[in-house]
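> Below you'll find the structure I mean.
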Amino acid sequence: MKPLLAALRAVLVLTAVCGVLYPLAVTAVAQVPGLKDHANGSPVSVNGRGVGSELIGQSFSDADGRPLRRYFQSRPSAAGDGYDPTATSASNLGPEDIVDRDGEPSLLSTVCARSRAVGELEGVDGSRPYCTGSGVGAVLSVRPDRVTSVNEPCPAAPFVAEYRGVKVECATPGQDPRAGRIVPVRGAAPADPAVPADAVTASGSGLDPHISVAYAELQARRVAAARGVPVGAVRALIDEETTGRALGFMGEPVVNVLRLNIALDRAAPRRG
Amino acid sequence: MLTSTLPASAPAALRKLDPRFMWRNPVMFVVEIGAAWTTVMAVLDPSAFAVLITTWLWLTVIFANLAEAVAEGRGKAQADTLRRTRKATTARRLTDAGEETVAAAELRRGDLVVVEAGQVIPGDGDVIEGIASVDESAITGESAPVIRESGGDRSAVTGGTRVLSDRIVVRITQRPGESFMDRMIALVEGASRRKTPNEIALTILLAALTIIFLVAIASMQPLAIYSVANSPGVEGGFALGSHGVTGLVLVSLVVCLIPTTIGALLSAIGIAGMDRLVQRNVLAMSGRAVEAAGDVDTLLLDKTGTITLGDRRASEFIPVGGTTGAELADAAQLSSLADETPEGRSIVVHAKEAYGLRERHAGALTHAAWVPFTAQTRMSGVDVDGRRLRKGASGAVTDWVRGQGGEVPSALADVVDRVSASGGTPLVVAAAENGDVRVLGVVHLKDAVKAGMRERFDRMRAMGIRTVMVTGDNRLTAKAIADEAGVDDFLAEARPEDKLSLVRAEQAGGRLVAMTGDGANDAPALAQADVGVAMNTGTSAAKEAGNMVDLDSDPTKLIEIVEIGKQLLITRGALTTFSIANDVAKYFAIIPALFVALFPGLDALNVMRLSSPQSAILSAVVFNALIIVALIPLALRGVRYRPSSASRLLNRNLLVYGVGGVVAPFAGIKIIDLVVQLVPGMQ
Amino acid sequence: MGATTAGILFVGSLILVLVAVHVPLGDHMHRTFTSRHHWTAERLIYRIVGVDPDAEQVWSGYARSVLAFSVVSVLALYGLQRLQGRLLLSLGYGGVDPDVAWNTAISFVTNTNWQAYSGESTMGHLVQMSGLAVQNFVSAAVGIAVAMAFVRGLARRRTGELGNFWVDLTRAVLRVLLPIAAIGAVALVAGGAIQNLADPHTVTTLTGAEQTITGGPVASQEAIKELGTNGGGFYNANSAHPFENPTSWTNWIEILLILLIPFSLPRTFGRMVGDRRQGVAIVAVMATLALLSVTLLNTAQLAHHGTVPESVTAATEGTESRFGVSNSATFAAATTLTSTGAVNSFHDSYTSLGGAVTLLNMMVGEVAPGGVGSGLYGMLILAIVTVFVAGLMVGRTPAYLGKRIGPREIKLASLYFLVTPMIVLVGTGIAMAFEGPRGSMLNTGPHGLSEVLYAFTSAANNNGSAFAGLTVATTFYDVALGLAMAFGRFLPIVLALALAGSLARQTPVPASAGTLPTHRPQFVGMVAGVTLILVALTFFPALALGPLAEGIH
């Protein structure tokens with residue numbers, strides 16, 4: 001009994017020290033000028049109205065989820081319906097998640113679909129290795145006598161006609177796609193696709209406020225066109241909102257999408 | 001040798017398959033259960049593969065038992081020889097009334113028996129009366145008779161040995177059935193063998209590894225079932241079904257992974273270690289003592305008989321006054337001709353070696369009058385052709401010179417002191433001729449260190465063992481000998497009880513101490529020491545107290561005993577390392593074989609390019625069994641041990657048994673696979 | 001500068017700073033745990049707790065105190081979660097479900113910080129800062145205390161006493177963890193981590209949509225979460241969340257905090273046993289394994305083998321842009337090499353071989369450098385096992401630091417290294433044998449198997465990171481993983497203390513040329529080798545059916 005009593009008292013006193021005094025002391029220090037803004041979430045406001053946090057990414061799409069052409073687009077997000085800070089999450093899908101299941105697209109098909117969509121939006125080639133032209137994973141289920149394209153349910157036309165002399169069929173709904181050896185087909189897509197990696201993958205938090213410089217550059221032409229300003233002006237803004245590696249070697253150079261879009265709105269207000 | 005004992009040991013190996021015996025070796029017990037299980041499976045669902053796997057699993061168990069049986073067999077042969085010499089003897093017991101004849105088995109402790117020339121000594125005891133020469137070849141194998149006499153440190157006699165001359169009275173010191181011979185038989189047979197602490201520790205580690213692998217393989221089953229279920233369109237191959245990995249393959253995998261190599265050889269290593277001692281005529285009373293020998297930090301060595309030859313020898317003639325060396329040598333030689341002590345002989349020898357003086361025979365000098373050494377005069381000499389020569393202790397000879405009216409040169413005292421200071425003994429030689437009495441010089445007698453001692457002690461030092469010389473000599477003499485012999489430390493003017501306190505002091509510092517002893521007053525120290533080697537020539541008390549007995553009574557053997565102890569531990573460690581290192585290759589053989597049908601990519605792990613999954617698994621099992629047989633000689637002989645620092649020793653053994661243990665099975669399994677793939681049903 | 005070069009500099013700068021800092025910090029901890037002087041504040045605490053700080057405990061007394069403190073901690077944390085709805089700062093969240101509350105209580109008390117809940121939608125500020133964060137401090141302090149008791153077992157001679165748990169606990173919190181955590185917290189705020197007690201508030205975004213911006217005492221919790229190798233995030237996204245880890249340089253600081261104490265404790269150990277070289281050898285084993293792992297993980301992630309990464313052309317799924325692939329991999333290595341389990345990127349989406357490395361890191365038993373305290377005693381016990389096998393090969397009864405490894409010692413050491421793999425393998429086996437637990441997998445095939453294997457490996461090794469696709473908010477996983485965490489933490493602690501008690505009683509054997517030297521590169525290589533071989537042999541079958549089956553084509 002004695003150690004239990006001592007333990008109870010110890011838990012209480014250490015809770016007071018570590019669970020009350022410490023966080024309150026740190027909070028007090030954090031409220032000094034210079035830290036205060038950070039401690040309160042780095043809020044960003046436009047014309048005095050809070051529009052979010054510099055650190056929390058946002059979606060720049062319309063009510064139906066279609067990307068707004070006049071804004072730079074953030075990365076895909078797995079947080080709730082996208083950039084929901086109350087449901088932060090990653091996709092958690094694995095590197096070999098390549099077979100669609102019950103209408104749920106696999107990670108590969110998701111990547112392919114995103115790539116195709118970004119390609120269309122930005123007017124570049126959206127093809128990628130292991131993707132079909134229709135924007136799903138190019139994956140075959142191979143049995144000696146029968147080959148199916150597992151991510152292309154009938155009546156779709158399979159992305160290849162033949163595999164090693166056997167005719168490739170579309171996937172019959174309801175059939176177990178694993179009924180053969182699963183073979184992804186790389187296809188003829190260029191090794192260096194036009195759509196950058198961060199544009200087709202979800203971040204860890206689902207709140208990534210940044211995109212790569214390459215993805216920003218890719219979007220510059222479309223945004224400039226939508227706003228009717230020269231591409232050079234947009235590129236200049238990208239440069240301004242680009243954060244290099246800390247101390248030259250930590251992390252990667254990134255562009256803050258919210259700040260870039262706010263800067264855009266300020267520099268080139270939408271006409272009409 | 002092995003080829004002859006292997007078949008002989010086979011019946012014993014089969015008898016050991018009895019589970020009541022097997023369970024004492026947890027690793028091999030698991031193999032036996034596995035073999036029994038595969039036997040059932042092979043009967044229910046026969047195939048070439050099943051029969052071959054089952055056969056080789058049984059062979060694995062049998063090979064392990066064979067290793068132990070062979071090791072025991074060597075001891076058994078020796079025990080049988082001993083038994084033959086132990087005939088039913090009768091004893092002549094002394095009673096108040098006189099003498100009675102009883103069977104040797106009826107003798108009790110404290111009984112007095114008489115033994116005369118030609119009779120066999122009926123039991124262990126001490127000579128309390130008389131002196132006799134005894135043939136101890138029955139236990140030592142040495143045919144030269146030894147002297148046993150009452151009252152000294154050579155009083156112990158052993159039952160079963162034969163008195164060759166004279167008559168002795170022996171007080172029996174053994175209890176019935178516990179004679180030295182009985183214990184010796186039990187020891188070499190391994191009947192009284194208990195696991196040593198280190199063996200127990202290693203067994204625990206091996207059991208832990210066995211459990212880990214059992215669990216690793218058992219838990220693989222649901223994973224395998226899931227994997228099969230997840231690939232409905234793919235054939236699992238011969239090893240995999242919808243119920244997971246087949247039992248046959250599972251058992252093979254377990255047997256290959258658990259440390260069977262060391263598990264099979266562990267007990268053989270221990271028995272063989274004892275056996276190696278027996279071959280050097282040392283009897284260890286327990287395996288623990290042998291192990292402790294490997295750990296020894298401090299060796300206490302008696303000076304006399306161990307480090308030095310035990311007698312002093314002339315090493316130098318130092319003339320004083322106007323005498324020449326040759327003159328002195330001549331006088332010294334002449335005065336020693338009749339001196340048959342080792343010192344006297346050594347003077348003659350040195351005179352010949354150093355000055356080329358031809359040896360003269362005492363008998364040739366017919367008119368010489370020899371003056372023998374007496375405790376009163378403390379000198380000896382000769383009177384020949386009017387010349388009187390005397391040699392002896394400095395005081396005695398100078399007194400004689402002064403008494404004859406001669407002068408003692410002042411230089412003499414310096415020489416005498418110098419010789420004493422160097423640990424030597426000065427003998428002063430003087431001559432009186434025609435009234436001219438003068439001191440000729442000094443013979444330097446030195447306690448001679450045995451050849452090769454320094455090298456041996458250097459080796460000990462490299463092994464991290466501190467050597468301490470124990471002697472009754474004064475500090476000065478002791479230091480000189482210690483320096484010459486190269487021991488690390490010495491204890492001078494030691495009384496028997498000092499030995500005990502030295503042993504205790506060393507142990508208090510956490511060190512393990514080994515020592516030899518023979519006298520009754522050595523017994524407490526022998527009992528206290530971690531390794532106490534009693535000389536067979538010594539007293540019964542010493543033999544009781546020590547945990548080893550050297551039948552050759554050679555005190556320098558302690559060094560070999562230490563090496564054997566170390567070799568025993570090294571062999572265990574090396575084979576454990578080898579056994580575990582082997583698993584790497586076995587995994588690379590079996591895991592791809594199991595799952596390659598399901599996941600063709602895993603073929604990349606089949607680095608040995610084994611011909612088929614069946615052949616891969618069988619080859620691993622066969623290798624696992626054959627490696628036991630291949631290593632039996634090593635287990636019996638022990639890993640080669642060369643004294644050197646721990647670091648260097650470890651580097652070598654790691655390279656041979658660690659790296660070698662990883663590499664060897666890759667080659668071995670590949671070679672076996674090349675043969676096995678030809679067997680029908682292996683594709 | 002290329003991404004690879006920058007990644008190497010990132011690792012190199014961490015190494016440089018650790019090399020510089022581990023000496024003063026290790027020495028500070030040595031003073032802390034050997035000093036006879038009590039601070040006034042500490043005396044006050046001892047009076048409240050009701051213990052005599054100058055009375056030492058034998059191993060069993062020490063173990064009883066550890067267990068009593070942990071049991072009470074679990075109950076307190078469970079109660080606090082269950083009563084959340086009626087307390088302050090609950091943000092409107094009700095009491096936590098019993099399953100989750102039990103799992104979470106065990107999880108934080110065992111220094112695992114496995115999260116079966118989503119922080120931002122389950123836990124109010126009070127539970128976070130006065131419940132979870134308190135355990136971040138004290139569970140780490142327990143680890144340090146046990147490590148110190150273990151080292152005393154090696155350092156002392158002929159005594160049964162291993163120190164006083166309450167003193168070690170208090171000093172670890174007051175003299176080591178609190179000061180560093182406070183500095184770390186302020187640094188994180190400077191980088192952008194939030195620190196307030198505000199409720200979530202909703203803003204209208206640039207496009208007119210609504211977004212809820214959360215508040216909370218995040219920085220104070222984040223600092224101790226990394227420093228105490230805890231890993232339980234304030235948010236579900238853990239250190240990937242911009243409010244927890246806002247910039248590439250806060251990322252660097254967080255990795256440093258993770259590695260700081262585990263890499264400094266060997267120095268403390270060396271000082272306590274009176275031979276700094278022994279500490280250097282231990283830290284060298286840890287560093288060798290850690291560097292190997294960081295290199296492998298970075299290589300695997302940058303090489304991005306696998307269908308999806310090759311389609312994407314980089315392993316960016318589940319990583320934050322500001323950190324990039326390489327720094328994410330370095331964080332992943334640090335968090336799995338220690339028992340932290342915080343993540344700044346999501347391991348489930350890593351390449352197969354990269355994911356295998358994170359798994360292997362945990363399977364190594366969290367010793368390179370491992371959790372605060374637990375890494376040190378784990379590594380020392382591995383050293384003892386190594387000494388046993390290798391020591392035989394020099395022809396002596398094995399001894400470590402002069403303490404002989406006899407049957408009792410090897411029995412305890414064997415059980416120690418048996419416990420965790422057994423929990424992992426048995427747990428994984430059971431989960432995979434039943435339909436229900438299998439249904440929790442997000443991914444199919446080998447990757448699904450890896451998710452389950454990862455969960456039990458993480459729980460039993462008290463790591464807390466996850467292949468987060470697995471749905472673990474089920475009764476089976478809450479209970480099974482809770483048990484895995486509890487057994488994986490406390491069985492080894494009791495065994496380690498028993499071993500320490502056994503070692504403390506011995507008279508050490510003096511070293512000689514015949515003793516196996518345990519401070520040379522030879523020994524370092526051997527311990528690393530033994531560790532890797534034991535782990536590889538134990539887990540090879542499971543790894544073959546999981547990440548290897550998935551990753552080798």
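Cβ from N, Cα, C; glycine included.
Where the annotation comes from TrEMBL, it is an automatic prediction and has not been curated.
Not my notes, these are from TrEMBL:
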TRANSMEM  C:6-26  transmembrane segment
TRANSMEM  C:62-80  transmembrane segment
TRANSMEM  C:132-151  transmembrane segment
TRANSMEM  C:172-194  transmembrane segment
TRANSMEM  C:249-266  transmembrane segment
TRANSMEM  C:278-297  transmembrane segment
TRANSMEM  C:376-394  transmembrane segment
TRANSMEM  C:415-434  transmembrane segment
TRANSMEM  C:479-503  transmembrane segment
TRANSMEM  C:523-544  transmembrane segment
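Where in this structure would I find these features, and how exposed are they?
A Cβ distance under 8 Å defines the sequence-distant neighbours of the transmembrane segment (C:6-26), meaning residues of its chain 6+ beyond its ends; these are 252, 255-256, 259-261, 263-268, 270-271, 279, 283, 291, 294, 298, 302, 324, 326-327, 329-330.
Note on the transmembrane segment (C:62-80): residues 87, 101-102, 104-106, 108-110, 126-127, 130-132, 135, 138-139, 142, 145-146, 149, 162-163, 165-166, 169, 489-490, 493-494, 497-498 of its chain, located 6 or more positions outside it, place their CB under 8 angstroms from a CB of the stretch.
Long-range contacts of the transmembrane segment (C:172-194) within the same chain, counting only residues at least 6 positions beyond its ends with a Cβ under 8 Å from a Cβ of the stretch, are 28-29, 32, 39, 41-42, 45, 137-138, 140-141, 144-145, 215-216, 218-220, 222-224, 226-228, 242-247, 249-250, 253-254, 257, 260-261.
Remote same-chain residues near the transmembrane segment (C:376-394) are listed as 146-147, 150-151, 154, 262, 265-266, 269, 282, 285-286, 365-370, 400, 405, 409-410, 413-414, 416-417, 492, 496, 499, 514-516, 518, 523, 526-527, 530-531, 534 (criterion: CB distance under 8 Å, separation of at least six residues from the stretch ends).
Here the transmembrane segment (C:415-434) has Cβ contacts under 8 Å with residues 363, 365, 378, 381-382, 385, 449, 452-453, 455-457, 459-461, 476-477, 480-481, 484, 487-488, 491-492, 495-496, 499, 534, 538-539, 542 of the same chain, all six or more residues outside its ends.
Here the transmembrane segment (C:523-544) has long-range neighbours at 281, 284-285, 288-289, 356, 359-360, 363-365, 367-368, 379, 382-383, 385-386, 389-390, 417, 421, 424-425, 428, 453, 516-517, meaning same-chain residues at least 6 beyond its ends whose C-beta is under 8 angstroms from one of its own.
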> The transmembrane segment (C:132-151): which same-chain residues, six or more beyond its ends, come within Cβ distance under 8 Å?
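Distant Cβ neighbours of the transmembrane segment (C:132-151) are 29, 33, 59, 62, 66, 69-70, 73, 77, 104, 108-111, 113, 123, 162-163, 165, 168-170, 172-173, 176-178, 181, 217, 220-221, 224-225, 227-230, 232, 261, 265, 268-269, 272-273, 371-374, 376-377, 380, 493, 496-497, 499-500.
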